[in-house]
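Engineer: Let me give you the structure first, and then I'll get to my questions.
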Amino acid sequence: MLPFNDEDEFSLFRYSRTMHQGNQTAISGFILLGLTVGSEQQLLLFTLFLCMYLVTMVGNSLIILAIISDTHLYSPMYFFLANLSFTDICFTTTTVPKILADIQSQNPTISFVGCFTQMYFFMFLVDLDNFLLAAMAYDRYIAICHPLHYAALLNPKRCALLVVVPWVISNLVSVLHLSLLSRLPFCDQRVIPHFFCDLEPVLRLACSDTQINNLLILIVGGTVIFVPFVFILVSYALIGTAVLNVPSVKGKWKTFSTCGSHLSAVSLFYGSIVGVYFLPASSYSAERDKVAAIMYTVVTPMMNPFIYSLRNKDMKRALRRLLSQKSLICSW
């Protein structure tokens, strides 16, 4: 994260004061100051986020196209992976284009409607990502612990339910948070020390009591995050027990290696989520919050295609076939 110097901080403070004092009637939203930098750092930061965004879009799109085009990948594991890649594309698109526009224009404002829309999709896609990781853990548990019943337990109908139900739950949770937030009055000072509209920073700007909102975050948000996380932990505990019963070391490694990609993605996702939302309020740090947010909003979606393809022979073969077909079409 690129820190502000004293001159930058003074300029940002003066900018926000001017917006509120000199043009009261023009205020129709919030000011995002999370990634406002000096002109000498502007090009570097813009290029960095643009490259990460393009890698995320291309990588996840290739994963989806490879799964659709290769019939050998028509299995529950790759069905969930395709949904995860699609979610990551939408997730990154929720924040990064706005970040790029703010860096380029140096006018990091967002309307109330824009802010609430961004929060809706952000919360919806974070929760959906969370549920899809749990569904993928369930897939690995069934594949390793109950391989003979894999086709019956993960039939197309159940796979569809494992995707549709999280969509419904994630949507309801997002609407619930925003419906309560929309009832709050906001003070004149509407500067958000973040690079996108997130629930916690926006709540800090409310002029009235936010106890109900905070309680909702703790109960509903905590449940939506921790129930799938505990489900993942239990799944891998059972997988670990099953792997220990495999007689040969080679067999143990081969069995558990099928979970390596998913474990890497889970560690990256939940590690950064905990760093943002579940540390004590007394240890809150705006800079740490922004760094952790960048990890799970930009870095994790960018890394997932590499995590799931580099160690997966079937995926690598499908990607090579897809790219060879594309190059053949281009040559014509």
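Using N, Cα and C of the backbone, Cβ positions are placed for all residues, glycine too.
Reproduced below are the annotations present in TrEMBL:
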type	residues	note
TRANSMEM	43-68	transmembrane segment
DOMAIN	59-308	domain 'G-protein coupled receptors family 1 profile'
TRANSMEM	80-100	transmembrane segment
TRANSMEM	120-138	transmembrane segment
TRANSMEM	159-180	transmembrane segment
TRANSMEM	215-239	transmembrane segment
TRANSMEM	260-279	transmembrane segment
TRANSMEM	291-310	transmembrane segment
Engineer: Report the listed stretch (80-100, 159-180, 215-239, 291-310) having the maximum count of Cβ pairs within less than 8 Å of the transmembrane segment (43-68).
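Structural biologist: Top-ranked stretch among 80-100, 159-180, 215-239, 291-310: 80-100.
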Engineer: Below 8 angstroms Cβ to Cβ, which residues of this chain, lying six or more residues outside the transmembrane segment (80-100), approach it?
Structural biologist: 35, 46, 49-50, 52-53, 56-57, 60-61, 63-64, 67-68, 110, 118, 121-122, 125-126, 128-129, 132-133, 135-136, 139, 159, 162-163, 195-196, 297-298, 300-302, 304-305, 308
Engineer: For the transmembrane segment (291-310), what are the same-chain contacts with Cβ under 8 Å, counting residues 6+ beyond its ends?
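Structural biologist: Beyond its ends, the transmembrane segment (291-310) has Cβ neighbours at 1, 49, 52-53, 55-56, 59-60, 62-63, 81, 84-85, 88-89, 91-92, 94-96, 122, 126, 194-196, 198, 261, 264-265, 268-269, 271-273, 275-276, 316, 319.
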Engineer: For the domain 'G-protein coupled receptors family 1 profile' (59-308), what's the model's average pLDDT?
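Structural biologist: Here the mean pLDDT over the domain 'G-protein coupled receptors family 1 profile' (59-308) amounts to 86.
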